[in-house]
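Asker: Right, I'll just put the structure down here and ask away after.
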Amino acid sequence: MQKYMLEARQLLALAIPVIIAQVAQTSMGFVDTVMAGGYSATDMAAVAIGTSIWLPAILFGHGLLLALTPVIAQLNGSGRRERIAHQVRQGFWLAGFVSILIMVVLWNAGYIIRSMDNIDPALADKAVGYLRALLWGAPGYLFFQVARNQCEGLAKTKPGMVMGFIGLLVNIPVNYIFIYGHFGMPELGGVGCGVATAAVYWVMFFSMISYVKRARSMRDIRNEQRFSKPDMDVLKRLAQLGLPIALALFFEVTLFAVVALLVSPLGIVDVAGHQIALNFSSLMFVLPMSLAAAVTIRVGYRLGQGSTLDAQTAARTGLGVGVCMAFCTALFTVTLREQIALLYNDNPEVITLASQLMLLAAIYQLSDSIQVIGSGILRGYKDTRSIFFITFTAYWVLGLPTGYILALTDLVVDRMGPAGFWMGFIIGLTSAAILMMLRMRFLQRQPSSVILQRAAR
């Protein structure tokens, strides 16, 4: 029991800074929306439309680079720290290649925006302008993630937290300057949010690089002074590990976007109630997601040390802590659901619907916690391909079709509206949790030599 308590303390020490960093990053999006809304409703809508396209694109790159964390954790645990700098350098090359792809996609996103039904031309122009300003921050964001993953792979999660707050503090005044045109800058409205956020990502990157170069704990693994060409073998391995994570993230984000589109014709009350419940549940999701990042680090480190039993301890402890967190957040959601909904809106019909949907959100928080921590465990074992297949099957083959049938058809029961989609979420997330646990048990029952060989690749 003592070893589990010790592991839980180490996991929480890693996870808490990640939680705070995630809150800071989420707050940046909130600040953009509020400040753009203060300028005009059209500009706020333009930022919302642009963000809905930006997020799937940038999260694809973000997911691809998550492969670095278990690789670095494993090298650190095995005492091969001299190889970490080369992996990080190749991570920068990968980030550069993906940045170009993302920038090309975002530059041409105007075709998607202008094809939307009945979109106002002025709104479309502002949304395109916002994206074309923001896309210049894509390399800065992804380079920052490489440096952050280096730190987190070495069990240093506080730098990411600090840089997240630096980004938030810089974002507010720079937003103000470019939205309203102060200090000789042009008045850009919502487009100014894109300029400011792009600049902030570069500030976060240079701040993180400055820390990495000066940190005593990383003195022995600093990047070599000489230029390093792309190493195709390393890049291929990182891509093989990262691509399934990237696709899983992409399909998860697009799932919620598709549900939002399917709910939109049901009316203002249904849309508002759905959005309130989804926004709050997304906030609660930060807790298990951050714990999953910590579990990836601990499992990778223990496998690097050559101890499959300690890796199992880290995995079980992460699941135990995650389940406890889920029960707490579910109880909080059930008890205060009406008060939470009132923070968003005062329409009685919206409050009633949002409160009902939050009950369903409370039910799936346990499954959500298990599946995301399970995903973190599998990343630690470098078994990322199964993550993609599990999430795709659970969300798109089981969850979304079931939700559609329950919400918008009479095939099984009378049309349930938004609640039907939330029943689909419960089915999808529960399926993902079960499949993740089955895959984890399958991996852990393999011979130690097989597990360690896979981890060392």
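Going from the start of the chain as shown, residues are counted 1 onward.
Note: Cβ is positioned from N, Cα and C throughout, glycine not excepted.
Here the structure is a predicted model, which means the values were calculated and not measured.
Annotation source Swiss-Prot lists transmembrane segment at 11-31, 53-73, 93-113, 127-147, 160-180, 189-209, 243-263, 276-296, 314-334, 357-377, 387-407, 418-438, citing sequence analysis.
Help me picture where these features are in the structure shown.
Answerer: Under 8 Å from some Cβ of the transmembrane segment (53-73) lie the Cβ atoms of residues 84, 87-88, 91, 94-95, 98-99, 102, 105-106, 109, 112-113, 131, 134, 138, 141-142, 145-146, 149-150, 152-155, 238-239, 241-243, 245-250, 253-254, 257, 293, 296-301, 304, 379-382, 384, all in the same chain and six or more residues away from its ends.
For the transmembrane segment (189-209), same-chain residues at least 6 beyond its ends with a Cβ under 8 Å from one of its own Cβ atoms are 28, 32, 35-36, 39-40, 42-44, 46-47, 50, 126, 129-138, 140-141, 143-144, 147-148, 151, 159-160, 163-164, 166-167, 170-171, 174-175, 177-181.
Sequence-remote contacts of a segment are chain residues at least 6 beyond its ends whose Cβ falls under 8 Å from one of its Cβ atoms, and for the transmembrane segment (243-263) they are 52, 55-56, 59-64, 66-67, 270-271, 274-275, 278, 375, 379, 384-389, 391-392, 395-396, 399-400, 403-404, 407-408, 418, 421.
Under 8 Å from some Cβ of the transmembrane segment (276-296) lie the Cβ atoms of residues 11-12, 14-16, 18-19, 22-23, 26, 69-70, 73, 152, 157, 256, 260, 314-315, 318, 321-322, 325-326, 329, 333, 340-341, 344-345, 350, 354, 357-358, 360-361, 364-365, 368-369, 372-373, 375-377, 379-380, 422, all in the same chain and six or more residues away from its ends.
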Asker: Counting only CB pairs under 8 A, let me know which of 127-147, 314-334, 357-377, 418-438 has the most with the transmembrane segment (387-407).
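Answerer: By the under-8 Å Cβ criterion, the transmembrane segment (387-407) pairs most with 418-438.
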Asker: Taking a Cβ cut-off under 8 Å, which residues six or more beyond the ends of the transmembrane segment (11-31) line up next to it in the same chain?
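Answerer: Answer is 51, 152, 155, 157-158, 160-161, 163-165, 167-168, 171-172, 175, 197, 200, 283, 286-287, 289-291, 293-295, 297-298, 314, 317-318, 321.
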Asker: Are the transmembrane segment (314-334) and the transmembrane segment (127-147) near each other by the rule of at least 3 C-beta pairs under 8 angstroms (pairs 6 or more apart)?
Answerer: no
